[in-house]
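Taken verbatim from Swiss-Prot:
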type	residues	note
BINDING	ASN239, MET268, TYR297, HIS333, SER353, ARG354, GLY355, ASP394, GLY395, LEU396, ARG397, GLU433, TYR460	substrate binding site
BINDING	HIS437, HIS501	Zn(2+) binding site
BINDING	CYS581, CYS584, CYS589	[4Fe-4S] cluster binding site
Amino acid sequence: MSATKLTRREQRARAQHFIDTLEGTAFPNSKRIYITGTHPGVRVPMREIQLSPTLIGGSKEQPQYEENEAIPVYDTSGPYGDPQIAINVQQGLAKLRQPWIDARGDTEELTVRSSDYTRTRLADDGLDELRFSGLLTPKRAKTGRRVTQLHYARQGIITPEMEFIAIRENMGRERIRSEVLRHQHPGMSFGAHLPENITAEFVRDEVAAGRAIIPANINHPESEPMIIGRNFLVKVNANIGNSAVTSSIEEEVEKLVWSTRWGADTVMDLSTGRYIHETREWILRNSPVPIGTVPIYQALEKVNGIAEDLTWEAFRDTLLEQAEQGVDYFTIHAGVLLRYVPMTAKRLTGIVSRGGSIMAKWCLSHHQENFLYQHFREICEICAAYDVSLSLGDGLRPGSIQDANDEAQFAELHTLGELTKIAWEYDVQVMIEGPGHVPMQMIRRNMTEELEHCHEAPFYTLGPLTTDIAPGYDHFTSGIGAAMIGWFGCAMLCYVTPKEHLGLPNKEDVKQGLITYKIAVHAADLAKGHPGAQIRDNAMSKARFEFRWEDQFNLALDPFTARAYHDETLPQESGKVAHFCSMCGPKFCSMKISQEVRDYAAAQTIEVGMADMSENFRARGGEIYLRKEEA
């Protein structure tokens, strides 16, 4: 393994090559489609999986086929999933939302950046080689105006973003005609309200009630609108970010593109190393999905990593810097209060959240209340001016199953509920972060506590991991908990990669984490009964029963791995049409036997029916025509 490990220079060169040669790419036998809305510019991208026809009879010389409908699926890849779009990372993506933002007339361009740090970076000629060349002129709300999707929703306004989301959440299921494909088991939604058809008005109503958020900073016009809420599809977040130890700008852009290709609904940039500002600019200008950050990480860098030296002024400057770059949501650890820190003393693993430990250390060293809590209203004012959503961080989340659901965890959660109401006063969108490490029997309480004390604001959890014994497989241990809490009502799940607790994930780790979590959220959507969630499963089952191998590969979340595993034992082209796989072989294939039984039963029914008719014919004397009273 060590013989094939790339050097840092090789890793960067590979990432640079990826970026330089990047082009829109479709999955096997898929094509990009767009569904238009009523608002100008609303063209919702989806991936449509093309399927082969089913053989239904005929002869070898003249076979008869029945067409199978193409299956539309949700697509997070943006322009990177459209082969017709030319990609240029140096220029960034097209500004999809810019006309909608401008048309509202409630923003203004800034002549001077609000952040001292940003102005310093822009004045540094030594950063020219690293800097993204096409910098946007940032906008903010005009004086006295609020520009959040929550504000518009409360005013009764259906924005283009809301219509875009309604179309997207329906996943093109109105295109499906087959009753076999449309069949769906009733879900158990635990109080969630899942309409048969998601309308733009329903989206507006959910956002207005605070049950859902649309992360959409006015300075990130490249992003495609998406929604986070328990009455919608469960979403997945992927974490990327450089560190002081490893990774580079080109590698993080590569991981961003890779993440969106494999289904990340949002991406968090958790960079802690050099060039945080420049890295984030490249990511934002090339991201079709919302970008989140943890601003305290960069604020800490500004004071040389010394938590005690953090100040509100440095943190505020960081918020302005990131808001004007276009960050869509901030994780803020404002619920780590001074009086809660002693509650963690008896824990097995103490405080495991980086942001939580930073704020706990600051509180103890100054013996003062958390300055994020003290200045929370000012944080909300900043967010309202740019439409930055708040992700209220769980700094006291449990880091082991022994510490799950303890006093400190729920004390902080209740405080996050109080902060949610304050944020809503400013029309700021809010979601709540959750654990962590929780055994299966204790997971549901996390959801019920959050709904009750945080007023149904969307829940966003890391897993949770259901056992602590599997380093190297924590994408699996957490995927179990993720599927469960998604079913119970969690709105978004932060992926966990195989490298969790072990190291910084690479591209393959990112893919493994995302596929694991796409499985978890899909299982949750099925269990909740999200309309149309079962269509892809039904299409896969039909293809499997009919031995349409190519369709099985292409319907899979990861077509490449599915094909590779099949071809390990049946690599020949004949294996793609064989009515068996290598598991059972031709004589013991259950589905082949089932088909034979079905054909036999159908033949027997016809034969018995014909025999009955013949006997009836003879009983009536063999007359072709009968008198009316005999018929």
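Just so it is clear, glycine is given a Cβ too, placed from its N, Cα and C backbone atoms.
Mapped onto three states, the DSSP output places TYR297 (substrate binding site) in helix.
Minimal Cβ crowding within 10 Å, among the binding-site residues ARG397, HIS437, HIS501, is found at HIS501. Within 10 Å of the C-beta atom of TYR460 (substrate binding site) sit 27 other C-beta atoms, taking all shown protein chains into account.
Residue pairs drawn from ASN239, MET268, TYR297, HIS333, SER353, ARG354, GLY355, ASP394, GLY395, LEU396, ARG397, GLU433, TYR460, the listed substrate binders, are separated by up to 20 Å at the Cα level. Annotated pair ASN239 (substrate binding site) and HIS501 (Zn(2+) binding site), C-alpha to C-alpha distance, rounded: 14 Å.
For the pair GLY355 (substrate binding site) and HIS437 (Zn(2+) binding site), the C-alpha distance works out to 17 angstrom. Each of the binding-site residues GLY355, GLY395 was assessed for Cβ neighbours inside 10 Å, and the highest tally belongs to GLY395. Taking TYR297, SER353, TYR460 as the binding-site residues under consideration, the smallest Cα distance to HIS501 (Zn(2+) binding site) is found for SER353. HIS437 (Zn(2+) binding site) and GLY395 (substrate binding site) have their C-alpha atoms 13 Å apart, to the nearest angstrom. Shown in sequence order, HIS333, GLY393, ASP394, GLY395, LEU396, ARG397 are the residues of the chain, 6+ apart in sequence, with a C-beta less than 8 angstroms from the C-beta of SER353 (substrate binding site). Contacts of TYR297 (substrate binding site) defined by a Cβ separation under 8 A and a same-chain sequence distance of 6+ are given as LEU270, SER271, THR272, ILE276, ARG354, GLY355, in order along the sequence.
Taken residue by residue with DSSP, ARG397 (substrate binding site) is part of neither helix nor strand, so it is coil.
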